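Have a look at the structure below, then the notes.
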Amino acid sequence: MGAAAKLAFAVFLISCSSGAILGRSETQECLFFNANWERDRTNQTGVEPCYGDKDKRRHCFATWKNISGSIEIVKQGCWLDDINCYDRTDCIEKKDSPEVYFCCCEGNMCNEKFSYFPEMEVTQPTSNPVTPKPPYYNILLYSLVPLMLIAGIVICAFWVYRHHKMAYPPVLVPTQDPGPPPPSPLLGLKPLQLLEVKARGRFGCVWKAQLLNEYVAVKIFPIQDKQSWQNEYEVYSLPGMKHENILQFIGAEKRGTSVDVDLWLITAFHEKGSLSDFLKANVVSWNELCHIAETMARGLAYLHEDIPGLKDGHKPAISHRDIKSKNVLLKNNLTACIADFGLALKFEAGKSAGDTHGQVGTRRYMAPEVLEGAINFQRDAFLRIDMYAMGLVLWELASRCTAADGPVDEYMLPFEEEIGQHPSLEDMQEVVVHKKKRPVLRDYWQKHAGMAMLCETIEECWDHDAEARLSAGCVGERITQMQRLTNIITTEDIVTVVTMVTNVDFPPKESSL
């Protein structure tokens, strides 16, 4: 075969391969089914059109379980741009005995039929008789195979480069490799599918994602914020960190190469979002305020507590260092849970607390001693800083409560009325340290027995004297008593109770531990 003929044939092969790899239908439909359609408020079954970016491929998928020989479908629908699904016309699960079966394919309604064919190890026969081949067969084989391999490698390399460039923004080259991903309960399970960005913060963004038939939250850190990701993972991995009022941790993973790398933290997903977002759109009743405040206080009290002798080890006391309404999440029943441990400090016996740089956190929630740079670097000092911030979060709740006989304010952040939405460190020092101002407690709040008690508790949380502040456990007990007391008070009793508010038998005032 002449050189010109070989070149022409190679060009033909490349064009054919490009068409096979890059060519695909602009529209695709998949069979849709959702076993949890009532909970998710979707149709149970139907046909789902697949949408997505033009440069992304669209697939269909199916997940099912085999329960004692009975097939139970979990979900069917569209699946977006997964390399494991490329050029599969049939929906076939090949992994050996998975807990949940999963397959994906390309083509309209290709997930209507699905099957399970585990890959079997093929044994080589002891003898393999060679059949004679014509002499020109070897010439074609040795000529075409290298050309096809080269063409395939070039096309695949171009596609991977183009796809990767669009999928990931450029990041700085790290001075240190973050090392292998930590052990994760997610390893070995089906891949996550990112659905939508729910929040953006200082250390990355939070996605709503789907893991098989449940939603999870994925917090994605760029490599520059490796320290925050590592710290949060280490705190979640401490003994005793499973608690109703602390965000449930699922796993941590590293995605990408050593240069283009993202660090993932996977947790439970709560549709109501943060307390801040909830208060922007909703007012709360007295009972709702008490439930949110009590569960938030119990979560912080558990975080602050040093608990030896647990089954999985010793839980140290932990200071959050960034308590704010954005870092308190609400479950569907308005139970609060504490989130975001990127700045948290753990206090283990005989060990340094690590980087104890004082001025960290969100400016408007910084305690006076933090703003002054006059922190006593002891455990209790850090716990009292958390309690100052908790007082501000309680004020946010009070400002949106309907219990008092008066207007409910529009939602505002602490000190937003005094300083605005973007205070500088100097602004906060002037207002909080020098003028000793705090957010306004409305006069008409005092006319409601429970709100009057809450105002007193708030003032004791944000006291200028750190050692005079309440502990989180004490706040939780007080709120329980407030709710119990106000639920048995009649309208005629309110005036009497308000005059006696300072004599209520509250739990004894105590410091942060």
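For all residues, glycine too, the Cβ spot is worked out from N, Cα and C.
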Cys91 - recorded disulfide partner, Swiss-Prot, among Cys85, Cys103: Cys103
Per Swiss-Prot, the disulfide partner of Cys85, chosen from Cys60, Cys104: Cys104
Per Swiss-Prot, the candidate from Asn66, Asn333 carrying the annotation N-linked glycosylation site: Asn66
Under 8 Å by Cβ from Asp322 (active site, proton acceptor), counting only residues of that chain that are 6 or more apart: Asp340, Gly342, Leu343, Ala344, Val360, Gly361, Thr362, Tyr365, Ala389
Across the topological domain 'Extracellular' (20-135), average pLDDT on the 0 to 100 scale: 78
Secondary structure composition of the topological domain 'Extracellular' (20-135) [DSSP: H/G/I, E/B, coil]: 11 helix, 43 strand, 62 coil
